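The following features are taken from TrEMBL:
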- GLU309: active site, proton donor (ACT_SITE)
- HIS340: active site (ACT_SITE)
- LYS458: active site (ACT_SITE)
Amino acid sequence: MIIESDFLNLDTTYQGVDIDALRDFAAKRLPENFDKLRTQLLRGEFYNATEDRHVSHCLNRSIHNVVTAGNGKNRFCTIVRELRAGKWLGATGKPIKDVVNIGVGGSDLGPMMGSFALKEFADDNSLHHLSVHFVSSMDGGQLYAVLPIVDPETTLFIIASKSFGTIDTLANVDTVRKWIEPTLNQEQWLSRHVIGVSANNQAMTDFGIPPAQQLSFAESVGGRFSLWSAIGLPIALTVGSNQFGRMLEGAKAMDDHFANEPLEQNIPLQMALLGVYNREVREINNLAVLPYDGRLRYLPSYLQQLDMESNGKQVDFEGNAIDYPTGPIIWGGFGPNGQHAFFQHLHQGYDKFCADFVAVLKRAAPDFEPAVQEGLAEQQRLAVANCLAHRRLMWFGAENGEARNHYIGNHPSNLLFVDELTPQSFGALIAAYEHKVFTQGVIWNLNSFDQPGVEKGKKLAKEVLQVLDGNSATEFDASTDDLVRRVRR
Ligand SMILES: O=P(O)(O)OC[C@H]1O[C@H](O)[C@H](O)[C@@H](O)[C@@H]1O
């Protein structure tokens, strides 16, 4: 039960659902207007009712659309070229060497995952080396690590925020400003050391970012779907605009696949239906994402946002309370290391789970001596062998007499695999997950494109901060009030 597409393959054998059963399930669960909704999504016409806007990330599958989005100015490629070539000079005349992306959620996870995964595909059009760093955490923990290793005169900060109002990002920017000020004044800093990426042009202007350093994208691109937009700048800085374009091409190929292939050959559609089947029929509430290639180690956290923020919902499209299970808990980690940590529970623990194994069949290492190349190729085979073995054990189980050697198995899994990890296959992999999430949202009749739970949490945090800062005397509950007193002391 293997489906092949241009850049991505899926083996569903160990789901234990044959194609006839899947067809029956699809007939029951896919709504009649699914084709229409899918077409709307791919054309950027699907309507996100609660936020009163369309959903347009699929329009960003070509570099042309990315660079002309928002303010219609082609700044993206120029910025990428100058920074990568070492031609972008800081305010004191020194070339920029480090770029720090400050953003959180969709403005962090996608760019970070993509830059890490695709590093080796960098178009090396110059000898200049640019290091890209990521700072997202509200507590400043990452600034502690990054600030000591970069120099204000040779560092550029990307302020990446769709809304340009996220407190985590603004708090990091504020500290950065305090760190820079002894070296560069505000005018110097803003003129050469900041790029804004946002859907909120006015806020970038109000902040003082010069127009030539503002990159825009459409309000209708959701944060968790934004790595294809200018939010993907760190990826383009890492690999170059051409390779970034190839990633978009891979996603576009997956869009076409999703649009045109029948159920029997449709990767995202099968992933979605099997996921719903596992959730509803087998009552499994979680999915472990297990990449077997170190370059994809940030995939689980990326998919946590993509899936859980989209389909972790209790209200349906019409605003009614939902009384059936919706999106599962997504978790996971780098497979080979997981084998030495949490896999024990997967093989013999009490809980039900399903898994997505992600494997890369081969990896070239042309820059190394032949003997080292040989060693690395062998290691890739070793990882694939382990992936295949563990997924077998999880599905078939094993019994060797003694109870301690008993493995129940029956844990369903997908194997997503690519011949080689390339910008295209990476783009196709991520787009396949996007379409899976969309399809499941349609099946569960919920809006996958809003996040009211997140908004509520932000509001409550503001109220607590008011009290911590001594600006409000609101009382909450015994535990919170006690901790507030401790912090204030
Ligand atoms: O890009 P921003 O507007 O700063 O938003 C960053 C993130 O924060 C929010 O709380 C949302 O839940 C995420 O979907 C979003 O990606």
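The backbone N, Cα and C atoms fix where each Cβ goes, glycine too.
TrEMBL labels come from automatic prediction, so no person has curated them.
The CA atom of LYS458 (active site) is located 14 Å away from the CA atom of GLU309 (active site, proton donor). HIS340 (active site) sits 29 Å from GLU309 (active site, proton donor), taking the C-alpha atoms as the reference points.
For GLU309 (active site, proton donor), the same-chain residues 6+ apart in sequence whose C-beta sits under 8 angstroms from its C-beta are GLY105, ARG224, GLN451, VAL454. Under DSSP, HIS340 (active site) is assigned to coil, being neither helix nor strand in the three-state scheme. When the neighbouring Cβ atoms lying within 10 Å are counted for each of the active-site residues (HIS340, LYS458), the highest count belongs to LYS458.
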